[in-house]
Amino acid sequence: MSRRKYEDTGDYENRDRKRRRTDAVEIEDRLESLIIRVGEKSTSSLESNLEGLASVLEADINNYKTKILKILSECAVKMPEKTTIYTTLVGLLNAKNYIFGGEFVDLMARKLKDALKSCMWKTARYVVRFFADLVNCHVISTNSLLQLYHSFLDTA
């Protein structure tokens, strides 16, 4: 076994940059895991889990807004069985940060438009269902949802 003498290159900046990058990735992975697993069996109530997750996301929303938006929009489409859970979470986040709620609705509207253009009917249906449940959480107004339905009828 050879013993090498430790060399101090003094390259702390590069090491710190790598550490910050991996810390950010770890936080993003943790956020994704928390969002995906919400609503699964737990010892505490769903209500307290959602409130706790909303508090965690609110604290990280300034630094990881795009990642949180992306995760929530994907969950809305890929896990339709948890629609009410995710709409409630978006409603809680919207109550604390109105701008985030608007950005989320804009992202979902783009997702709906892309799904309709690409003939991805299941995705479009899940997004429309998500919008309908967002009315229950006071993120989208009833009139806005009815306007969406009327636009579907006008183009049919």
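For all residues, glycine too, the Cβ spot is worked out from N, Cα and C.
Curation plays no part in TrEMBL annotations; they are all automatic predictions.
Copied from TrEMBL, the annotated features are:
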type	residues	note
DOMAIN	30-154	domain 'MIF4G'
REGION	1-20	region 'Disordered'
Per DSSP, what is the residue count of the domain 'MIF4G' (30-154) in each of helix, strand and coil? 107 helix, 0 strand, 18 coil
For the domain 'MIF4G' (30-154), what is the mean per-residue pLDDT, to the nearest integer? 95
